[in-house]
Amino acid sequence: MELKSQRVERGSFLYKRINLAFFIAGFNTFAILYCVQPLLPNFASQFNITPAISSLSLSLATFFLAVSMIFFGILSDRSGRVKLMNISLIISAIICFFIPFSSNIYWILGLRAIQGIALAGLPSIAMAYLSEEIGTKSLAPAMGLYISGNALGSTFGRFITGMVAEQTNWQIAILVVGVISLIASILFTRMVPESQNFVPDTTTFKFTQITKSMFYTLSQYRLMCLFLIGFILLGTNVALFNYMSFTLLDSPYFVPESLISLIFLLYFVGMFSSVGADKVIRLFGRKSAIFISLTLILIGITLTLVPNIPVKLIGTAISVYGFFSSHSISSSWIGLITTKSKAQASSFYLFFYYLGSSVVGTIGGLIWSENGWPGVVMMNMILIFIALILAVILTKNEMKDNTLAN
């Protein structure tokens, strides 16, 4: 029997169920991952540490998430998809209940590192699951909805912790996220259907086969372009939000701390752009869509140089729109390029994606300390220009690109 006959298509009840399950999963994963971002100034103040060290509470989680996804991808290709995703979400939520009892920043960093490892089980497998279970023509909107769940979760996680911390303290803020995430995790385990098209890879745990498969994946220049674009996308976005908060708290803006968390509501824009990316692809093709989205990021971050708060926020919103659109386009592209070890290819994309958050997010703190906001913007602009060059390399074979665009 061909796998194609078993694929779920848009409009069916099962398609809607899968979409809702992964919308919840995306929401949950990113609410947990980014809930500490508005708390960075709180950590810096309470523990008397620099912004760069404070940002490690996010960077370490994303770094260990990135590294762990490679192994989860390999494990998933052998043992299956759903059970690993379920375990990942439950453990990640439970760790939220331990973080508030940390007596120093080192405990927070350690628990966040463990949480990053646990979180890796969902995103590394979700893309492979969707590409296996959803029909080719229905995949882009499904991926877009999953990513819109990411956008809502990251917005909610940031906003709720910022608001609750302002009214109470950061410990209670993280506990609130833990309760909501545990409920969301249970909902996902109840809703997600078992894989129908998964075929176990019996060679996954043989070292020579693993090495050969990894080198094969990394040797595909089109995949590598997408991996590096992913690195740049999240890295620049995290740096933008990490140090926008510190910038607006500082002279000459002196925005009250109670209002800083409102900045993260701009992530709602990402819900529309990630879902709308499918329409852009259908109208212009993937080649044009990725250039349009990356250009929007460049325009947005340039506007944040204007020393005016409303203009900075407009620029940030434009950048967020371009970011989620670019991520939706590039992540759905992975499954169309690779023909084998899809979970591993997806894991490599997300490895680079989250590694970008750790590396660029931390470097951004060092640049901000020395050169202020203009330095962070310049760093982001250079990286987006590099992403545009990678997009040119990715799409230079017109015939292959036109095939993928349709």
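Using N, Cα and C of the backbone, Cβ positions are placed for all residues, glycine too.
Whatever TrEMBL says is automated annotation, not expert-curated.
Taken from TrEMBL, the feature domain 'Major facilitator superfamily (MFS) profile' applies to 14-399.
The transmembrane segment annotation in TrEMBL covers 20-40 (among others).
When Cβ-Cβ distances below 8 Å are used as the criterion, the transmembrane segment (52-75) is approached by residues 33-34, 36-37, 39-41, 43-44, 84, 88, 105, 108-109, 112-117, 119-121, 123-125, 128, 204-205, 210, 234, 238, 242, 341, 343-344, 346-348, 350-355, 357-358, 361-362, 364-366, 369 of the same chain, each at least six residues removed from its ends. Per TrEMBL, transmembrane segment is recorded for 52-75 (among others).
The transmembrane segment feature in TrEMBL is assigned to 87-107 (among others).
Beyond the ends of the transmembrane segment (113-131), by six or more residues, the same chain brings 18, 22, 25-26, 28-29, 32-33, 60-73, 76-77, 81-82, 84-85, 87-89, 91-92, 95-96, 99, 139, 142-143, 146, 195, 198, 331, 334-335, 342-343, 346-347, 349-350 to within a C-beta distance below 8 angstroms of the stretch. The transmembrane segment annotation in TrEMBL covers 113-131 (among others).
Annotation source TrEMBL lists transmembrane segment at 143-164 (among others). Sequence-distant contacts of the transmembrane segment (143-164) (same chain, at least 6 residues past either end, Cβ-Cβ under 8 Å): 19, 22-39, 126-127, 130, 170, 172-174, 176-177, 180, 241, 260-262, 264-272, 274-278, 324, 327-328, 331-332.
Summarising the annotation, TrEMBL assigns transmembrane segment to 170-188 (among others). Long-range contacts of the transmembrane segment (170-188) within the same chain: residues 21, 24-25, 27-28, 31-32, 35-36, 39, 42-43, 46, 85-86, 89-90, 92-94, 96-97, 99-101, 157, 160-164, each at least 6 residues beyond the stretch ends and with a Cβ under 8 Å from a Cβ of the stretch.
Taken from TrEMBL, the feature transmembrane segment covers 223-246 (among others). Counting same-chain residues at least six beyond the ends of the transmembrane segment (223-246), those with a Cβ under 8 angstroms from any Cβ of the stretch are 37-38, 40-41, 51, 55, 58, 62, 158, 217, 260, 263-264, 290, 294, 297, 301, 304, 312, 316, 319-320, 323, 326-327, 330-331, 333-334, 337-338, 345, 348-357, 359-361, 363-365, 368, 373, 376, 379-380, 383-384, 386-387, 390-391, 393-394.
As annotated by TrEMBL, transmembrane segment applies to 258-277 (among others).
Listed as Cβ neighbours of the transmembrane segment (289-307) (distance under 8 Å, sequence separation of 6 or more from its ends, same chain) are residues 229, 233, 236, 240, 244, 252, 273, 277, 280-281, 314-323, 325-326, 329-330, 373-374, 377, 380-381, 384-385, 387-388, 391, 394-395. The feature transmembrane segment is assigned by TrEMBL to 289-307 (among others).
According to TrEMBL, the transmembrane segment annotation covers 313-336 (among others).
Per TrEMBL, transmembrane segment is recorded for 348-369 (among others). Counting same-chain residues at least six beyond the ends of the transmembrane segment (348-369), those with a Cβ under 8 angstroms from any Cβ of the stretch are 50-52, 55-56, 58-60, 62-63, 65-67, 69-70, 73, 123-124, 127, 217-218, 223, 226-228, 230-239, 242-243, 246-247, 327, 330-331, 334, 375-376, 379, 383.
Feature annotation from TrEMBL assigns transmembrane segment to 375-394 (among others). If one looks beyond the transmembrane segment (375-394) by at least 6 residues along the same chain, the residues whose Cβ comes under 8 Å of a Cβ in the stretch are 221-222, 225-226, 228-229, 232-233, 235-236, 239-240, 243, 290-291, 294-295, 297-298, 301-302, 304-305, 326, 360, 363-364, 367-368.
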Long-range environment of the transmembrane segment (20-40) - Cβ separation under 8 angstroms, sequence gap at least 6: 51, 54-55, 57-58, 61-62, 65, 85, 89, 92-93, 96, 112, 115-116, 119, 122-123, 126, 129-130, 142, 145-154, 156-162, 165, 170, 173-174, 177, 180-181, 184-185, 187-188, 191-193, 238, 241-242, 245-246, 260-261, 264
